[in-house]
Every structure is written in structure tokens, then in C-alpha cells.
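Annotation comment: TrEMBL describes 6-21, 33-52, 103-126, 146-165, 177-201, 378-396, 425-446, 466-489, 523-542 as transmembrane segment. Annotation source TrEMBL lists coiled coil at 224-251. Sequence annotations record features per position, and here TrEMBL assigns compositional bias 'Basic and acidic residues' to 604-617, 635-644. According to TrEMBL, the region 'Disordered' annotation covers 604-669. Taken from TrEMBL, the feature compositional bias 'Polar residues' covers 618-634. The feature compositional bias 'Acidic residues' is assigned by TrEMBL to 658-669.
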Amino acid sequence: MSGAALGLEIVFVFFLALFLLHRYGDFKKQHRLVIVATLLAWYLCFLIVFILPLDVSTTIYNRCKLAVNSSPAESNGSYVTLAPSKQKCFKPWSYIPNGIMPIFWRVVYWTSQFLTWILLPFMQSYARSGGFSITGKIKTALIENAIYYGTYLLIFGAFLIYVAVNPNFNLQWNQLQTIGIAAANTWGLFLLVLLLGYGLVEIPRSHWNGAKRGYLLMKTYFKAAKLMTEKADAEENLEDIMEEVRKVSESIKYNHPLRKCVDTILKKCPSEYQERMGRNMDDYEDFDERQNSYPSEKNLVKLHKQVIYSVQRHRRTQVQWQILLEQAFYLEDVAKNETSATRQFVHTFHSQEPENKIIRYFYTPTVEWYWECLLRPWFYRVLAVVLATFSVIVVWSECTFFSTKPVLSLFAVFIQLAEKTYNYIYIEMACFLTIFFLSICVYSTVFRIRVFNYYYLASHHQTDAYSLLFSGMLFCRLTPPLCLNFLGLTHMDATISHKDTQPTAYTSIMGSMRVLSFIADGFYIYYPMLVVILCIATYFSLGTRCLNLLGFQQFMGDSEMTSDLIDEGKELIRREKRKRQRQEEGENRRREWKELYGNRDDSTRNRVVHTDQKESSFSETNTNRPLSKYTRSNGRTERDRIELLQDAEPLDFNADSINDDPLELDSGR
């Protein structure tokens, strides 16, 4: 089993990162380099989280071997036996041979740092660029990142000059490397505590509120009102941009040098706008014959960038609106079915997606009723209590992990108790649950936050390339300090435990933080205590209240603006529900008419053709008059039936006025 666990986790984490990226990104429409770079960033960060528990168990086993080698011992097969105490050092099932983990961590860490500080910022600018060629996009990206890279180079150069001039400093290359790592981890730890303080409170609270049906429905109405405003703004913005594109397309003719740029812009427009603009594109007159003012290439690059952004935003709001409607309809169905006497879940609308027969076989309407109306609220409450308990343990350990005598960090207590018995399964499970919960609190906040329309991770393949790359940058900057914080909570970091023991392979590549004592003994220890203040602020929703005062609508139960938006959203959902009901009624009526007259198509056509032949052959005789009347009647029936089936909208018999058919008037006369 040596190294098998490492290989299995590497494969599993890859598919996990691929699944999440498929949920948020669009493999078909987005550039392959964007997909590959984001996938690599997510994969490396998730890999660190999953592999670190194996590093901890391997380190504990190596410490045991060192303790055995320093005392009389006997070797017996796969374990070592201490002579005095007869204590056994079993080799863990997930043991990784010496020399593999340091190389592995070095490759993973420096690759992630290269991505977050050099490659991903450059690709962000490249993805947002409106250039029409690769060279133009690279040039734009270099110009935009010149200040970004120049600032870091200036700081690093000033530091090197200071070290070279000052005789008190005699730093070697490995110490400079440690200082660079410490600077990156300090920046990441600063952001980590902010996100962690929010997630420790918001995740248990969101699951507790998930058990409240009325709360979820009111919040859905609130989201519907906000999303409708954003949707209308996106449609208006797209109309304005498309109007500007139309003017540019009409002014720049086919033989203009910039026509290729215009064609590139038109390809990014929605299909309905392309068809509308294509109707007026048959003018081949020479652009030099008329003295018009044409836009420059710089203006076209700006317009291209605006088109990409507006189309992406419009598509995203449309998809999110449909998803929100389905969620609102489902929550309303749950509220109605709670009082059902039959205890079978009844949907107002049928699912638009094809149903899986296997799932429907086990997840019957009765099972769905018991889960949605009875079991699910209690499951969410129990889960919220468990998550809240974990949050309290994390907050306590963050405030006390610097104490080694006595050991106050609960995570360190759990690991040390398991280390005494060398229960590696327990050690790995405890480490995995701890770092997994910390990662969920941090990463879920990254997925939830939204910086206007600048950064926003939207599910169902609606995240733009810039936001995907930005999330990769955040993950690569947050994961290393998150792992160091976890090792500090469990006292596996020698800097925290103050013990002369073998460090983990992950800590060894970070170098000794004693080079910067004010960071190792000050910032790394006392700054995480601020998580208490952030948790209190999140519990009382201070950030939400501040945003609400600034004019950004936030969901608050005691706000008049929130009540108004809830009422507005309820009316929007009711209107969309009536619209969908009318559509389904129309489809049902069309289906009924097709079933009623569908079997008569062939017979009616044959009768009409046979009668027409008779009518042409015996037109001069008097016996054809009854037959011609019969033929006109059949032709009239066929025509009425075809017009009824081809009608785009069903006839509304509840309308105030009904338009008469001209054929009916003629027949009456």
C-alpha cells in the first residue's frame, strides 16, 4: 500500500476539480487556456488539502522511528518494538516513502505560486482584452500588468539594496527564499482570517435557515426582485451596445480595412441581432466615395470588449432567472404539499428536464413528500448544530493554539491522544475533517462573494473567464497559509509547539520562519485571534446592515425596503406562474386537437383529391353540383383544422373580445 493512497487521492482530487469547474465554467465556449489554467489552480489547491493528512501521519511514524533509534530497540518485521516499554511503531497503511513528499510539495507549491503571481494575472488581462489578434491581446495584457509587476519588483529591489548595504544582515539564498514565502503567506493569512470569520458563522446559519420554508420562500422572492432589476439592466445595456454595433457595421463597408474587425464583433453578438443586422449588409459602395468619419481600431477594440461583457451578462441573467423561477415554484409546491392528506408530493409544473427512470423508481412521490415536508427540515437543523459545534471548536483553538503548556487547542489534544496509541486511521480522519471544514468555510466564501459585476462565480456554466481566473488566484494565495494555520492548530508546526522534533515535509519546504521573528512570534500567532471579532460582526450582520445603509439592497427581515422587494418578487413569480400555466394549457389543447384529428389526415386528403378529380372530369354535367358542394365542405373543414393546429397561441375563451374569422363571415353571408 506504500504510495497507493497518494495515487488514489491525486486521481480523485483531479475529477473533483474537473466536476466543479464544469459546473461553473463553460468548456464549449471559453478558451482552452483559461479552462486549463483554472483547472490546474483549483486542482493544486484541493490536492494540498487532501494530501496534508497523509503527510501528518507519515511524520508521526517517522518521529516514532527516531525515538526508537535513540533507545534500545528490537526490529520485528513491519514495526519496531521498544525494549523498555514494549511499544510498537506500526507503519501506517498510507505511509509515503522518504524523499517523495518534499519533492511533491516543492513542485505543487512553486507551481501554484507561479500561477497566482505571474500567469493568472496576465491571463486575466488577456481574457478581458478586446483585441482582434493574439499579438494585440498580449500587448494589452503586458501594459495592464506593467504597474502590477513593477510594484512588486520595486519593493523586492529596494529590499535587496537594503540588505546589501546593511552590514548587520548576512542573508543567504535560502533565507531570501523564506522571506519571500513569508511575505506571500502573510498576505494570504490576512485575507484568510476575513473569509474564515464569515464562513464560520454563515455556513451553520444558512443550514439552520434552510429548515425554515417560509424564510427560504421570502428570500427567493427578494432575490427575484433584485434579479429582475439586474436582468432589465442587462437587456437595456445589450440593446445600447447592439445599436452601436449596428451603426458601426453600416458605416464600415465590405472593402474597408477594418471590416474584418467588425465581422469579428458581429460573430460575438446574439444570433437574433446578427440576423437583424445582416438584412442591411448588401451595400457594396466604396467607403472612399463618401467623406464619413470612421471609428478607429482602438474604438473597435473597446467596442469588442463591451460586446463580450454585455452578451455574457445578458446570458447569465437569463439563465439565473429561469433557475430562480424553478426554485420559487418548487418552494411554493412544498408549502402547499405540507398540508396534503394523501402524503404524496404533487408538482404544479412538470420538470422540463428528462426524468431518470431509476431515480423516479426509488424517489417516488410518497418518498419525496416525507423527505421534503418531514425529514429535510430536521436533517438541516441537526447538520447546523454539528457545524456550529465545529465552528466553536475552531474559534477556541484559533485563540489558544499558541499555548503549549497546557495544551488548550482541542485539535492538538485530539491529535496528541491519537499519537500516543499510533492510531493512524484516527489521526488521518481527524486531520482531514479539520482541514476540510476550514477549507469549506474559506472556499465557500470565495464562491459566495460578489464584487459588483467585477467578480462573480455563477453556477450552471455562467461564470466568465475573468472570474474563473480570479478564483484560481485566490485559491492559490489562500491555501498555503490555510495549511500552515491548520498545522499550528494541531501543534505539528515546530514554530508553534517549540519542540525539537521532525517537522512535516510541508513545513520543511516553507523554511524556518525564525528569519523574521516578528512575523513568526507575532503576526502568525496573534492575528488569527481577530476571527472572534469577525464572527461576532457576522453573527449580528454588521456588514449587511452597512451595505443596506449605503443603498445596496440586502435581505433583512426588519427593513421596509426588504418588505417592498419581497412583495415585488412575489408578484413577479405569480405573473410568471400564470404565464407558464397558459403555455401548458395551450400545449395541452394543441395536443388534444392533434389526437382528435390526427387519424383523419390521410383519409381527408384522399377524399379531397378524389373529389377534385371527379369535379374536373364531370364539370359540364348537372350531377356534379352536389359533389362540388361536398368537396367545398370537406376543403373548408381541412382548411379550418390546419389553421387551428398552426396557430401560435391558443384561443383565449376568457378574453373580453374575440376576433371573428373572415371565413365564418363569408359563410354566414
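Keep in mind that glycine also has a Cβ here, set from the backbone N, Cα and C atoms.
Here the structure is a predicted model, which means the values were calculated and not measured.
With a cut-off of 8 Å on Cβ pairs spaced 6 or more residues apart, the transmembrane segment (425-446) and the transmembrane segment (146-165) reach fewer than 3 such pairs and are scored as not touching.
Spatially, the transmembrane segment (177-201) is not adjacent to the transmembrane segment (33-52); fewer than three Cβ-Cβ distances between them are under 8 Å for residues at least 6 apart in sequence. Fewer than three CB pairs closer than 8 A are found between the transmembrane segment (103-126) and the transmembrane segment (523-542), and contact between the two stretches is not assigned (pairs 6 or more residues apart).
The list of residues near the transmembrane segment (33-52) in space but at least 6 beyond its ends in sequence, with Cβ under 8 angstroms from a Cβ of it, reads 6, 9-10, 12-14, 16-18, 20-21, 25, 27, 104, 108-109, 111-112, 115-116, 119-120, 123, 127, 431-432, 435-436, 439, 465, 468-469, 471-473, 475-476, 478-480, 482-483, 486-487, 506. Long-range Cβ contacts of the transmembrane segment (466-489) within its own chain (Cβ-Cβ under 8 Å, at least 6 residues beyond either end) map to 21, 24-25, 30, 34, 37-38, 40-42, 44-45, 48-49, 52, 56, 109, 112-113, 115-116, 120-121, 123-124, 127-128, 181, 184-189, 191-192, 195, 394, 397-398, 401, 409, 411-412, 431, 434-435, 438-439, 442-443, 446-447, 455-458, 495-496, 504, 506-507, 510, 524, 528.
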